[in-house]
Ligand code: MN9
C-alpha cells in the first residue's frame, strides 16, 4: 500500500449531465477516450470538478461505476467520497472498493469545521476504514472546506491511525508546506499537486503527479511543460505555464466549472452544464468565451 504512487497528469473529471441536470452516463465513455487520447494518466472522480458535493450518494455510485467501467483498468481511478455525513462517506468508500476503483480520497466535513489535527485524523480514519484495501488520499482544499489544518502533523499522526493513508491531494498554494509533506519520512507520502496554474512551481519543489480540472481541456500543453522542465528548459516551461495562467484567467471571467464544461463542448465532448448552485453558461456567454479563447490562441496550443 505504501508503494502506491500516482504519476503525471490526472484529470479531475467532469460529471456529464443532461439539459435537465440528470446524469448523462452515455458521455462518460467519450470523455474518458478524449482524456486518455490527450495523454491523461489517471482519473479523479466526483471531486470539486465532478460536482461530487452536488450529487446524491446514488448518483455518486453510478458515476463511479461508469468511470471504472470506461477506464477498464488502463489508468488508475481515484474516487472522491467526502461528505458531511461520515457514514455516507464511509459507505461511498466501501462501494468504490467493491466496484474496483484503484484508490479513494476524501475532503473533510465542511459545514461543521474540523478544527484540530486530531479531529481530522479521527474523521478520516472513519472514512478510510470503509475501503481498507484501497490507498487513501486526504483531499486538502482549505479554500472550499474552510479547514486550514497543518498537513505535516496530519500526515505524521494520521499514518499511525489510518493504515491505508498514502498521501494527499494538495489543493493549496503553500509550496513550502507541500515540499515538507513531500519530504516527510524519506518521501513515503504521495503528495499530489492540485493547483494547475502553479504546476511549474510544484515541479520545482518535487511534484511527481498533479490532479486538476484543466487537464480535461489542455493536457498536451501541460505535458509539454513537464517535458521542458525535465529537460531543464525553464524558459519554455515558464512560457507554457504562462499560457495556462492566461487560459485560466479567461475561463475565470465566467463561473469556472460551467465555463470549463462549455470548453469541453467546444472540443466536441458535450458534458452539459453544472447543477445548481453553479448552473450553466448562457449561449451568449459560451460564444463570448469561445471568441476570447480564440483570441489568445487556445485552440491552437491546448
Ligand atoms: O482541485 C481544482 N480546484 C477546484 C482541483 O476546482 C477548486 C483545480 O484544478 C483548479 O480548478 C485549477 C484552476 O484554478 O487549478
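Using N, Cα and C of the backbone, Cβ positions are placed for all residues, glycine too.
Unlike curated entries, TrEMBL annotations are predicted automatically.
Note that the structure is predicted; figures quoted are calculated from it, not measured.
What TrEMBL says about this one:
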type	residues	note
ACT_SITE	139	active site, proton donor/acceptor
ACT_SITE	169	active site, schiff-base intermediate with substrate
BINDING	49, 211	pyruvate binding site
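All chains included, 28 other C-beta atoms sit within 10 angstroms of the C-beta of residue 211 (pyruvate binding site). Each residue contributes its Cα atom, and for residue 211 (pyruvate binding site) and residue 169 (active site, schiff-base intermediate with substrate) those atoms are 7 Å apart. Distance noted between the C-alpha atoms of residue 139 (active site, proton donor/acceptor) and residue 49 (pyruvate binding site) is 13 Å. Residue 169 (active site, schiff-base intermediate with substrate) counts 29 other C-beta atoms within 10 Å of its own C-beta, drawing on all protein chains shown. Listed in sequence order, the residues of the same chain lying 6 or more apart from residue 49 (pyruvate binding site) and placing their CB within less than 8 Å of its CB are 12, 13, 14, 212, 213, 216, 257, 260. For the residue listed as 'active site, proton donor/acceptor', the Cβ neighbour count at a 10 Å cut-off comes to 27, with all displayed protein chains included.
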